[in-house]
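S.K.: Questions regarding the structure given below will be posed in turn.
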């Protein structure tokens with residue numbers, strides 16, 4: 001069967017002006033990233049003869065025009081139609097395509113450490129292959145790894161979990177979505193402080209739950225106001241998702257604030273908490289990390305999520321985990337058994353080696369964190385010198401979430417209007433050839449996210465490009 005494909009113009013995110021040779025003509029056309037809906041022309045062979053069947057889309061049905069009329073329903077489920085594609089993935093993919101086409105784009109959109117996986121971890125993975133550890137593992141993960149995670153949580157986080165209260169998955173993202181699916185019923189509410197990681201609201205929608213967004217402000221370092229949380233709680237409130245250190249802001253919740261939040265949570269029997277702690281080791285003193293489940297009364301209602309991608313530079317190894325009360329972990333385990341089954345045996349052997357590097361990853365992780373801190377300090381200083389920029393200094397992770405809204409409401413010759421974070425990021429890609437993520441992807445349209453998971457020299461070049469591009473924009477005089 002041969003098929004030719006054309007693309008509808010629905011479902012697109014305005015973003016780029018570059019035409020890339022060899023790619024679909026609409027996938028990187030001026031100002032757009034496209035998510036295609038396909039129309040097909042089918043060519044079939046039958047009884048030695050060939051009939052052309054041309055299709056057109058009518059609503060959600062493809063009408064096959066031939067001697068025989070066949071209708072094929074290509075509609076998608078309401079669930080998947082309610083979910084937005086990830087902007088961070090789309091922008092990262094587009095920036096990569098531009099680079100491959102010869103456009104010298106500096107990519108600061110992806111949340112991926114630029115360091116190689118530490119050598120002892122790599123060696124453990126290689127040895128796993130050589131020694132024949134290449135078969136299926138138990139769905140929940142190997143006992144060796146779950147025991148190592150149990151020890152880590154006890155020593156580093158003050159949390160007591162047995163191996164059967166831990167589930168290893170193909171990345172922390174899988175751990176989170178399985179938890180949301182396990183505890184949420186249709187109509188339940190999932191409370192999410194904004195700015196948020198792009199996937200949290202979509203995960204709630206996939207579970208037929210309703211995301212309830214709790215806005216924060218840059219003046220308060222993007223930290224959740226406990227009073228706002230309490231005002232938004234209803235009988236439908238089922239889940240609160242916390243991320244500290246935060247993607248996209250780098251904010252770190254101090255213990256005192258977490259205790260205030262815990263006091264509110266304790267008054268609501270239905271309310272559970274997912275504590276996303278994937279960036280726990282990428283933290284800058286004097287900030288410290290507190291696991292939410294370690295607070296009084298919170299162990300029974302908290303699902304702690306972590307993984308190996310960020311601190312150990314193991315993004316491609318795809319390994320995360322969740323720990324919590326056995327009742328909830330068993331439910332997540334059941335879902336995983338029907339989704340993916342167990343995670344990679346090779347990655348699990350490598351993860352055991354990662355946890356064996358020492359407390360908080362030892363010197364290898366400390367060296368990476370030192371570099372991240374130097375980069376953060378450079379960016380905070382550099383952007384602090386630019387007129388109209390507001391900054392909340394990150395205390396962890398490797399993102400700078402800066403307010404550039406003073407540059408909105410401007411018409412730029414040869415480009416057009418800059419009215420929001422998306423058009424500003426598109427302008428910076430077009431004018432400065434720097435790929436960033438608009439803040440509206442994270443629930444705050446006043447800001448843009450810059451990943452400093454790149455070398456200092458790369459960041460210096462990016463800052464110079466951004467400064468030159470912003471010079472042509474005259475920010476409105478503050479009232």
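Each residue, glycine too, has its Cβ placed from N, Cα and C.
Okay, these came from Swiss-Prot:
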- 1-79: transit peptide (TRANSIT)
- 84: site 'Important for prephenate aminotransferase activity' (SITE)
- 111, 197, 247, 449: L-aspartate binding site (BINDING)
- 172, 173, 247, 279, 307, 308, 309, 318: pyridoxal 5'-phosphate binding site (BINDING)
- 310: N6-(pyridoxal phosphate)lysine (MOD_RES)
S.K.: If you run the three-state DSSP split on residue 449 (L-aspartate binding site), which class comes out?
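M.R.: Going by the DSSP assignment, residue 449 (L-aspartate binding site) falls within a strand, counted as strand.
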S.K.: Do any residues at least six apart in sequence from residue 247 (L-aspartate binding site), in the same chain, have a Cβ closer than 8 Å to its Cβ, and if so which, in order?
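M.R.: Within the chain, residue 247 (L-aspartate binding site) has Cβ neighbours under 8 Å at 111, 197, 278, 279, 397, 399.
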S.K.: If we count other C-beta atoms within 10 Å, could you say which of the recorded positions 84, 318 has the fewest?
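M.R.: Fewest other Cβ atoms within 10 Å, among the recorded positions 84, 318, is found for 84.
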S.K.: Relative to the mean position of the Cβ atoms of 111, 197, 247, 449, the recorded L-aspartate site, which additional same-chain residues have Cβ within 8 Å?
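M.R.: The answer, listed by sequence position, is 88, 198, 246, 248, 397, 399, 437, 442, 451.
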S.K.: Which value in Å gives the longest Cα to Cα span across the pyridoxal 5'-phosphate site residues 172, 173, 247, 279, 307, 308, 309, 318 as recorded?
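M.R.: Greatest Cα separation within the listed binding residues comes to 18 Å.
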S.K.: Go through 173, 310, 449, the listed recorded positions, and name the one with the sparsest Cβ surroundings, counting other Cβ atoms within 10 Å.
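M.R.: Fewest other Cβ atoms within 10 Å, among the recorded positions 173, 310, 449, is found for 173.
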S.K.: Tell me whether residue 307 (pyridoxal 5'-phosphate binding site) sits in a helix, a strand or coil according to DSSP.
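M.R.: It is in a strand.
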S.K.: For the L-aspartate site made of 111, 197, 247, 449, how many Å separate the two farthest Cα atoms?
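M.R.: Between the outermost Cα atoms of 111, 197, 247, 449, the distance is 11 Å.
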S.K.: Rounded to a whole angstrom, what is the C-alpha distance between residue 318 (pyridoxal 5'-phosphate binding site) and residue 449 (L-aspartate binding site)?
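M.R.: It is 24 Å, counting Cα to Cα.
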S.K.: Sort the recorded positions 84, 310, 449 by C-alpha distance from residue 172 (pyridoxal 5'-phosphate binding site) and give me just the closest.
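M.R.: Closest candidate to residue 172 (pyridoxal 5'-phosphate binding site), judged by Cα separation, is 310.
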S.K.: Does residue 307 (pyridoxal 5'-phosphate binding site) have same-chain partners at least 6 apart in sequence with Cβ under 8 Å from its own Cβ, and which are they?
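M.R.: Once residues fewer than 6 apart are set aside, residue 307 (pyridoxal 5'-phosphate binding site) is near 171, 172, 175, 278, 319, 320, 321.
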S.K.: Tell me which residues of the chain lie with their Cβ under 8 angstroms from that of residue 308 (pyridoxal 5'-phosphate binding site), as long as they are six or more apart in sequence?
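M.R.: The list for residue 308 (pyridoxal 5'-phosphate binding site) reads 314, 317, 319, 320, 347, 351, 354, given in order along the sequence.
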S.K.: For residue 309 (pyridoxal 5'-phosphate binding site), what is the tally of other C-beta atoms lying within 10 angstroms of its C-beta?
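M.R.: Other Cβ atoms found within 10 Å: 22.
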S.K.: Give the distance between the Cα atoms of residue 310 (N6-(pyridoxal phosphate)lysine) and residue 84 (site 'Important for prephenate aminotransferase activity'), rounded to the nearest whole Å.
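M.R.: A Cα-Cα distance of 24 Å.
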